[in-house]
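Peer 1: This structure is in structure tokens; I'll ask about it shortly.
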Amino acid sequence: MNSLLMITACFFLIGTVWAKEGYLVNKSTGCKYGCLLLGKNEGCDKECKAKNQGGSYGYCYAFGCWCEGLPESTPTYPLPNKSCSKK
């Protein structure tokens with residue numbers, strides 16, 4: 001019984017330690033933040049680490065800014081009920 005309790009506690013802790021990751025999204029258009037220089041990208045890293053995003057690291061992946069270490073409150077692509085509109 002104690003083993004089951006310990007395993008459950010470990011799964012709970014792992015879930016709270018892992019941070020969110022994903023493509024940065026423009027809330028008004030629903031589109032990903034674009035980039036051209038794949039891999040390490042100063043622009044993506046700066047955007048991800050901005051105060052309003054709260055990420056720990058960003059890089060260019062598949063021509064979009066991918067962020068790691070985001071808080072759960074930061075929206076990522078795709079936004080629910082909003083498709084990318086380039087207007």
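Just so you know, glycine gets a Cβ as well, placed from its N, Cα and C.
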Peer 1: Can you look up which of C10, C31, C35 is joined to C60 by a disulfide in Swiss-Prot?
Peer 2: C35
Peer 1: According to Swiss-Prot, which residue among C31, C44, C84 is joined to C65 by a disulfide bond?
Peer 2: C44
Peer 1: Tell me, from C67, C84, which cysteine Swiss-Prot puts in a disulphide with C48.
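Peer 2: Out of the candidates C67, C84, the one Swiss-Prot links to C48 is C67.
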Peer 1: Can you tell me which of the disulfide-bonded residues C31, C65, C84 is spatially closest to C48 (disulfide bond)? Compare CA atoms only.
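Peer 2: Result for C48 (disulfide bond): the nearest of the disulfide-bonded residues is C65.
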Peer 1: Using C-alpha positions only, work out which of the disulfide-bonded residues C31, C44, C67 is nearest to C60 (disulfide bond).
Peer 2: C44
Peer 1: Suppose we draw a 10 Å sphere around the Cβ of C84 (disulfide bond). How many other Cβ atoms does it contain, all chains included?
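Peer 2: Excluding its own Cβ, C84 (disulfide bond) sees 13 Cβ atoms within 10 Å.
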